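A.B. asks: Quick one: the structure is below, and I'll ask about it shortly.
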C-alpha cells in the first residue's frame with residue numbers, strides 16, 4: 001500500500017445524492033491523473049453504477065454466498081474496472097431485516113487489503129450510508145481506514161441533522177485514530193438561504209464548506225444513461241463544478257479537523273436565526289387545526 005494513498009469517505013443521508021456526487025467527483029480526479037478505487041458501503045450497491053454503466057454491481061457478500069465463503073473468491077470476482085480505469089467494489093449487505101448491513105463493509109475491506117486491491121492507487125474512496133453511523137457503517141472510521149470524511153448535505157433540516165450525527169461519529173474516533181472531517185459538500189436542493197445555512201453549519205461543526213454543487217437537470221439526464229456528467233457532457237457547466245470540487249478535495253489533504261457537533265436545540269436556533277423556522281409556542285404542540293381555530 002502506497003504511503004501517499006489518500007483514504008477518503010463520502011457520508012450522507014439516504015437520497016441526498018451522495019453516490020452521484022462521489023462518482024462524478026472521483027471521475028474528475030482521474031482527469032487530474034489520479035488512480036481510484038471505489039468501495040461501496042451502501043446496501044443499495046449503487047456506489048459504482050455510473051462508473052460501470054450498470055444497474056448494480058455484484059456484491060462481495062452475494063458472491064461469497066454463492067461461492068461458499070469469501071475465502072473462495074478471487075479479487076477479479078469482486079473488483080470491476082470502469083470509466084477511466086476506476087476500480088469498483090460493492091460490499092453489499094444482508095436481506096432487509098436480517099443481520100447487520102455493516103458486516104459487508106468489514107468483510108470487504110479485509111478481503112481487499114489482503115488481496116492487493118489497494119496497490120497502485122492514489123485514492124480509496126468509501127461511499128457510506130450515513131443516516132445512522134452504526135458500528136458496521138462506521139467501520140471505515142473506526143478501523144482508521146478513511147482518514148478524510150466528506151459529508152454530502154443540503155439546506156434541508158434532516159440533511160443537516162444527519163451531517164451533525166455523522167460528525168458525532170467522527171468525533172468519537174478522532175482521538176484514537178487519525179480520522180478528520182474534511183468538510184461539507186452542499187448538494188443544492190434549492191431551499192431558502194441554502195448556501196448561507198451550509199456555511200453556517202460548517203462553521204458550527206468546526207469545518208468548512210468545501211463546495212456548493214448547484215442543482216442541474218443534466219445530472220438526472222446522465223444518471224438515466226448510467227453515466228457521470230463528466231462522461232456524458234464533459235464540456236457542461238455541471239462537469240466543471242465537479243472538477244472544482246475534485247480540485248478542492250485534492251488540495252485539502254492534511255487539512256481536516258476534529259468536528260464540534262451541536263445539539264438539536266442549537267440546530268433549530270440556527271434555522272430560526274435565518275428565518276427558516278419560527279419559534280414554537282409550546283401551547284400549540286399536539287393541537288389540530290380545528291382545535292386551534294376553536295380556541296380563538
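Numbering starts at 1 and runs along the chain as it is shown here.
In case you wondered, yes, glycine gets a Cβ from its N, Cα and C as well.
As annotated in Swiss-Prot:
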BINDING   12, 13, 14, 15, 16, 17, 18, 19  ATP binding site
BINDING   100, 134  [4Fe-4S] cluster binding site
MOD_RES   103  ADP-ribosylarginine
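Surface or core, plus neighbours and distances: that's what I need for these features.
C.D. replies: Around the Cβ of residue 19 (ATP binding site), 24 further Cβ atoms fall within 10 Å across all displayed protein chains.
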A.B. asks: Considering the binding-site residues 12, 14, 15, 17, which residue's Cβ sits among the greatest number of other Cβ atoms within 10 Å?
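C.D. replies: Top count of Cβ atoms within 10 Å goes to 12.
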A.B. asks: According to DSSP, collapsed to three classes, what secondary structure does residue 12 (ATP binding site) have?
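C.D. replies: DSSP call for residue 12 (ATP binding site): strand.
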A.B. asks: How many neighbouring Cβ atoms, not counting its own, are there within 10 Å of the Cβ of residue 16 (ATP binding site)?
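C.D. replies: A 10 Å sphere around the Cβ of residue 16 (ATP binding site) contains 26 other Cβ atoms.
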